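In TrEMBL this protein carries:
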- 1-17: signal peptide (SIGNAL)
- 29-49: transmembrane segment (TRANSMEM)
- 79-100: transmembrane segment (TRANSMEM)
- 120-138: transmembrane segment (TRANSMEM)
- 150-167: transmembrane segment (TRANSMEM)
- 179-202: transmembrane segment (TRANSMEM)
- 214-235: transmembrane segment (TRANSMEM)
- 241-260: transmembrane segment (TRANSMEM)
- 281-300: transmembrane segment (TRANSMEM)
- 305-351: region 'Disordered' (REGION)
- 331-340: compositional bias 'Acidic residues' (COMPBIAS)
- 360-380: transmembrane segment (TRANSMEM)
- 401-425: transmembrane segment (TRANSMEM)
Amino acid sequence: MWAAGCLASCCASCACAACQGVASGISRRSARIAYCGLFAMSLIVSWLLRDFAGPLLAKIPWINTFTDTPSPEWFATQAVLRVSLGNFLFFVAFAVLMIGVKDQREQRDAWHHGGWMVKLILWCITIILMFFLPNGLVNAYGSVSRFGSGLFLLIQVVILLDFTHNWNAAWVAKDEQFWYIALLCVSVGCYLASFVFSGFLFHWFTPSGEECELNTFVIAFTLILGVSFAIVSLHPQVNGSLLPAGVIAAYCTYLCYSALSSEPRDYECNGLHKHVNAVSKGTLGLGMLTTLLSVVYSAVRAGSSTTFLSPPSSPTAGGSKKALLSNNDVEGGDESESDDDTKPIRRGGRHSKEPRPVTYVYSFFHLIFALASMYSAMLLTGWGNANMAEKDIIDVGWPSVWVRIITQWITAALYVWSLVAPQLFPDRDFS
């Protein structure tokens with residue numbers, strides 16, 4: 001219930017931000033929050049339609065084209081996929097429209113930051129039109145969404161790795177004893193949390209009297225990964241740090257729990273199945289809250305210090321080490337984006353030829369939301385399994401289990417690669 005409450009509060013705040021922007025206009029630096037509000041509203045609509053709109057969809061003749069009416073879960077899955085498809089198309093259209101925007105004086109920059117009443121109307125129309133599409137097209141989108149969701153998870157892993165390395169570099173750069181002690185404390189804390197939580201996983205998912213080879217292997221392998229991260233990062237030739245290793249080890253432990261808790265409710269090795277209602281509601285709220293927060297963070301980080309995400313005319317192009325989105329930028333915007341609607345960008349006059357590069361990649365920003373629309377649909381429908389699209393159940397079933405396990409393995413592989421690649425290819429720049 002706590003997680004569900006946090007989700008409701010967070011979604012309501014984002015949705016209110018979008019509505020306020022529509023009603024009164026928003027500043028340039030608040031545009032990203034308004035887009036998050038639209039995405040939050042799509043989560044709320046999907047959630048409500050999944051749990052309550054099944055009987056209504058069963059009465060729509062072009063959706064219920066079957067001689068034998070399918071189960072209510074099938075219609076719940078259809079509702080979620082149609083909302084997700086509308087949201088996906090909305091953000092993909094903007095992603096395509098914003099390709100190549102490099103200067104804030106371009107007209108498309110104004111389209112990205114303004115016109116919120118029109119955007120809200122277009123968003124609503126797009127969602128409604130999806131309920132007139134044939135089932136075959138929607139089902140095809142559901143199949144494609146599995147791959148899009150995998151790409152979204154991969155992007156999350158890359159951003160997490162970038163975050164941990166930047167976090168470590170920022171504290172080391174202070175070159176003070178306090179921050180070195182803080183690094184050690186956080187690193188040890190992450191490892192302690194990972195090992196202690198792994199003990200709980202053994203207790204929950206390897207009940208006595210049951211042969212649970214898969215669960216035992218997954219938990220044990222997670223512990224091995226955590227120890228391996230520390231060994232590799234502290235190797236003299238790698239010269240890494242314990243903080244990124246600890247954070248990635250803790251994240252892999254979370255993925256392990258997420259995978260095992262997604263096992264079917266009737267699986268004898270799922271020790272939480274006796275409390276499936278409470279666990280599912282908590283997982284629903286936590287899962288959707290995590291999705292919303294990760295999308296917001298990913299969108300805000302779009303165009304950060306990673307070169308391939310920065311437009312050529314941006315301050316980070318050409319190998320600059322300075323991140324485009326510093327803490328000040330996230331909180332209040334940089335100088336180029338501090339001008340709100342009361343101080344519009346001058347498109348004429350003696351300053352009209354001065355370049356004002358954008359501070360993040362607009363197309364990538366919208367692409368993140370498009371992929372997140374696919375991912376949220378998979379969470380709500382058990383990765384497209386109509387039998388799993390039950391009320392108050394999220395991310396349950398063997399597809400969800402293996403998605404989490406594979407994500408853990410990819411996370412581990414990418415982290416180890418980020419450590420050893422500079423040693424294997426010393427002539428290449430991995431910064």
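Placement of Cβ uses the backbone N, Cα and C atoms for every residue, glycine included.
All annotation found in TrEMBL is predicted automatically rather than curated by experts.
Using a cut-off of 8 Å between Cβ atoms, the transmembrane segment (150-167) and the transmembrane segment (214-235) share fewer than three residue pairs, counting only pairs 6 or more apart in sequence. Among 120-138, 179-202, 360-380, 401-425, 360-380 has the largest number of CB pairs under 8 A with the transmembrane segment (29-49). Away from its own ends, the transmembrane segment (401-425) comes close to residues 149-150, 153-154, 157-158, 160-161, 165, 218, 222, 225, 228-229, 232-233, 237-238, 240, 244-245, 248, 251-252, 255-256, 258-260, 262-263, 383 of its chain (Cβ-Cβ under 8 Å, at least six residues beyond either end). By the Cβ criterion (distance under 8 Å, sequence gap of 6 or more), the transmembrane segment (179-202) is not counted as touching the transmembrane segment (120-138), fewer than 3 such pairs being found. Same-chain residues lying 6+ beyond the ends of the transmembrane segment (241-260) with a Cβ under 8 Å from its Cβ atoms: 160-161, 164-165, 167-168, 171-172, 183-184, 186-191, 193-194, 197-198, 201, 204-205, 215, 218-219, 222, 225-226, 229-230, 232-234, 270, 395, 400-405, 407-408, 411-412, 415.
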